[in-house]
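Swiss-Prot has this to say about the protein:
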TRANSMEM  9-29  transmembrane segment
TRANSMEM  52-72  transmembrane segment
TRANSMEM  85-105  transmembrane segment
TRANSMEM  118-138  transmembrane segment
TRANSMEM  159-179  transmembrane segment
TRANSMEM  199-219  transmembrane segment
TRANSMEM  220-240  transmembrane segment
TRANSMEM  271-291  transmembrane segment
TRANSMEM  319-339  transmembrane segment
TRANSMEM  348-368  transmembrane segment
Amino acid sequence: MFKLKSVNLQVYIMLIAIAVIMAFFSVATDGAYLSARNISNLLRQTSITGXLAIGMVFVIISAEIDLSVGSLMGLLGGFAAIADVWWGFPLPVTIIATIALGLIFGIWNGWWVAYRKVPSFIVTLAGYLAFRGILIGLTNGTTVSPISGTMTVIGQGYLSDIAGVILGGIAVIGFVLWGNYQRRSRQQLQLEVSALSKDFTKYALFAVIVLGAIYLLNDYRGIPFPVLVLAVLAILGLFLSRKTSFGRHVYAIGGNIDAAKLSGINVEKTKLIIFAMNGVLVAIAGLILSARLGAGSPSAGQNAELDAIAACVIGGASLAGGVGSVFGVVIGALIIASLDNGMSMLDVPTFWQYIVKGGILLLAVWIDTSNKKKM
C-alpha cells in the first residue's frame, strides 16, 4: 500500500511539474507556448524521446543501461534516408529493413551483455562510438535528402479532425471499460478497491485531457502521426510490463538477480529480449526522426540517449534497477520536451539549456535516493 501511494504521489508530482512548466513558458512567451501549433510541435518532439524512453526503461528496470541509443537512432534513421533517397526502396521495404536492422543491433548488444557478461555500460559505450562511425561512413559525412513525400508522412503527417475525435472517443470508452474490468477483478479477489467517486473523477479527468488535447490539435492540423505511434507503443509497453510474465521477469531481475535465477527465470534470455526490443523501438524513433527532418544527417541523434535516460529517471525509474513504469517515462519525456521547447522559444543559450536539464536530472535522482532511504 505504501509503495502504491508513493507511485501515485510521484505521478501527481510529475503532472504538477508539467502544469508549472507550461504555465511559466506560456506567460514568458505571451501565450505562444500553448498555441495549437506549438503544442503540436511539442508532442512531435515528445514522440521521439518517448519512444527511446519506453525501450530504455525496460533496460534500466533490469539494472542495465544503454548509452548507444542516440547513435543507433541516427544510424537507423540515416539508413532509412539512404534506402529512400539513394536506393529508391518502397516505403514498406524501408520500414521493415530499418526495424530488422534495429532488432539485429539490439540482439548484438544483448548478446554481449547477457551471454558474454560484459557490463552494459562498456558494450553500449562501444556501440555509441561504433554506430556513429558507421553512420558517418555510410553517409560520407553528408546530409541525405530530400526524403520522399510518402516517407515524410511518418514524421509530418496528421490525422483528420473527424478521425481524431472518433479515436479520442474510443480511447475514453476503452479507458473506462478497462478501469471497470480491473475494479471487478479486484472485487472478485476480495481486494481493496477505490471509491466509485474517485474512479469517476479519474475517468472525467482522462476524458477532459484527451478530448481537450484533440480539440486543441484539431485547431491546427490534427493529431500528428508520431503521437499516434507513441500512444500505441506506450499501450503495448504498459501491457507488456504489467500483464505478462516477461514484464514480471524484468522487474524480478532488476530487483534481485540472484533470487530471479533461483526462481527459475532465464536471466540471459530475458536480457537478450530486452535489448532486442530496445533496438526495435530505437529503429521506430529513427524512422520518425528522419521523416520529421526530411533528411538523414550524420549528426542526428546526438545526446538523445541522455534525454532518454533523463526521461526515465524523472519518470520514476531507478538506475539501481527493479523500479520504473512506462507511463512514468512517457510523462518524463514530455517534461524534457517541454523544457527544450520552451527554452528554445525564449532563445535561451544552448549552454544554459544543458545546465538546466542537468540540474533537473540531478534533482530527480536525489529525490529518488532520498525516498529509498525513508523506506
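Including glycine, each Cβ sits where the backbone N, Cα and C put it.
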Query raised in the report: Is it the case that the transmembrane segment (9-29) and the transmembrane segment (271-291) have 3 or more CB pairs under 8 Å, with pairs at least 6 apart in sequence?
Result: no
Query - the transmembrane segment (159-179) and the transmembrane segment (319-339) contact flag, 3+ Cβ pairs under 8 angstroms - result: no
**Report entry** Distal contacts, the transmembrane segment (271-291) - CB-CB under 8 A, six or more residues away
**Finding:** 47-48, 51-52, 54-56, 58-59, 62, 64, 66, 69, 72-81, 95, 98-99, 101-107, 109-111, 113-115, 147, 151-156, 226, 229, 233, 246, 250, 253, 300-301, 304
Requested in this report: Would you mind listing the long-range same-chain contacts of the transmembrane segment (85-105), meaning Cβ under 8 Å and 6+ residues beyond its ends?
Outcome: 72, 75-76, 79, 127, 131, 144-148, 150-151, 276, 279-284, 286-287, 296
Query raised in the report: Who are the long-range neighbours of the transmembrane segment (118-138) in its own chain, taking Cβ under 8 Å and residues 6 or more past its ends?
Result: 59, 64-72, 74-75, 78-79, 82, 105, 108-109, 112, 298, 300, 305
